Amino acid sequence: MVNPSLLILAGDGIGPEVMTEVKKVIAWMGDKRGITFDVSEDLVGGCAYDQHGTPLHDDTMAKAQSVDAVLLGAVGGPKYDNLDFSVKPERGLLRLRKEMDLFSNLRPAQCFDALADFSSLKKDVVAGLDIMIVRELTSGVYFGEPRGIFTEGNERVGINTQRYTESEIARVARSAFELARKRGNKVCSMEKANVMESGILWREVVQEVHDKEYPDVELSHMYADNGAMQLVRRPKQFDVIVTDNLFGDLLSDAAAMLTGSLGMLPSASLGAPMANGRPKALYEPVHGSAPDIAGQGKANPIACVLSFAMALRYSFDLGDEAARLEQAVEKVLADGLRTADLMGPEGGTPISTSAMGDAIVAALDASL
Ligand code: NAD
């Protein structure tokens, strides 16, 4: 048996700090569960620019294409703010997403009981919340042509084009239905079919894919503006939400904040299956490089740890081990351990990034 391969791109700022804690979990999986990964590491973002003059070297891109999954920390920082647009740290990340054709972006919004007080919503609205937003990531209005700022008569006009092909809609719909089958078996598709032709096509194609391939999954449709309202009114009515790039950008940020800190939010971006059946995949925390706290041992590593849990589940079919890791995180929080970002108004003593990683590993030990 060949070990599954993992490319770690820790990046800039707190990226390497939170990734150090994930590496403890990866080592634990090898030592205690006999699940060994072939791990390689490389540079992305500002640190890659410092070394190579580009935020993503071609060799790194080639490695990312050849491994089973990529785990990324974060990129960027004030040092790179004035670089030319083409070599900004974020371009490295965008190149990865584009060349790996990662069209399906999974953003879970899960509320750990111990943190239910952190939400801006009432505790009973969010306690136990577990929803997944699937956002189309490689098409739609952020990519459609024509785009630009043009002159019309004596004034300027800004143009972006919302454009979706049937196959682009069908593949992200499939990804949502597949996910739903592993969860609560419900998909709600969101668009604006009432005012947008692309929304009409979206609704038709999602329905067709459902009827032909996933009739066992419960499907509903909702206008995205109502979806936004329902997300803050009664979020637990949803299981999987599938939506386009623009609406997904907004809805996933709103849903994420139902659960509290940025330091808790993982994500996965998946593409088409490779020859071995595993999808092209990039896992990363939602947060950035947090230059304001970088190098101080204050960063919360949980978002990155939970991103690795998503890798276990979606790339390596190790759902039980993913659940074990999620439960370890839940236990640490229930025990009252908190990094600084999770300190409530009542205060307390925060623990460091590495103490949080150690506590998660200890909780994993206790799970055996
Ligand atoms: P950010 O996510 O880095 O930070 C926003 C706030 O949240 C900061 O106060 C930060 O301290 C806090 N925070 C973020 N992650 C945390 C964690 N794990 N633990 C505790 N606190 C945490 O966003 P920003 O400040 O807007 O951007 C900083 C840099 O990161 C910029 O260069 C930006 O371009 C980049 N960025 C990168 C990504 C990415 O790599 N995917 C995403 C967003 C921003």
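Numbering starts at 1 and runs along the chain as displayed.
In case you wondered, yes, glycine gets a Cβ from its N, Cα and C as well.
Mapped onto three states, the DSSP output places F85 (NAD(+) binding site) in helix. Under the heading NAD(+) binding site, TrEMBL lists 77-90, 288-300.
Taking the Cβ of D225 (substrate binding site) as reference, residues of its chain lying under 8 Å away and at least six apart in sequence are, in sequence order, K192. For R97, R107, R135, D225, the entry in TrEMBL reads substrate binding site.
Under 8 Å, Cβ to Cβ, and six or more positions away along its own chain, D253 (Mg(2+) binding site) finds no residue. Sequence annotations record features per position, and here TrEMBL assigns Mg(2+) binding site to D225, D249, D253.
Same-chain residues at least 6 positions away in sequence with a Cβ under 8 Å from that of Y142 (site 'Important for catalysis') are, in sequence order, N160, N245, L246. For Y142 (among others), the entry in TrEMBL reads site 'Important for catalysis'.
In the three-state DSSP classification, K192 (site 'Important for catalysis') falls within coil. Residues or ranges marked as site 'Important for catalysis' in TrEMBL: K192 (among others).
A distance of 25 Å separates the Cα atom of R97 (substrate binding site) from that of A294 (NAD(+) binding site).
Highlighted here are the recorded positions (G77, R135, K192, D253, A290) whose C-beta falls below 6 Å from ligand 1: G77, A290, in sequence order.
Cβ-based crowding with a 10 Å cutoff singles out A290 as the top-ranked of the binding-site residues A290, A294. Of all the binding-site residues listed (G77, P89), P89 sits in the most crowded Cβ setting, with the most other Cβ atoms within 10 Å. For the pair P89 (NAD(+) binding site) and D249 (Mg(2+) binding site), the C-alpha distance works out to 20 angstrom. Local packing around the Cβ, expressed as the count of other Cβ atoms within 10 angstroms, is greatest for R135 among the recorded positions R135, K192, K298.
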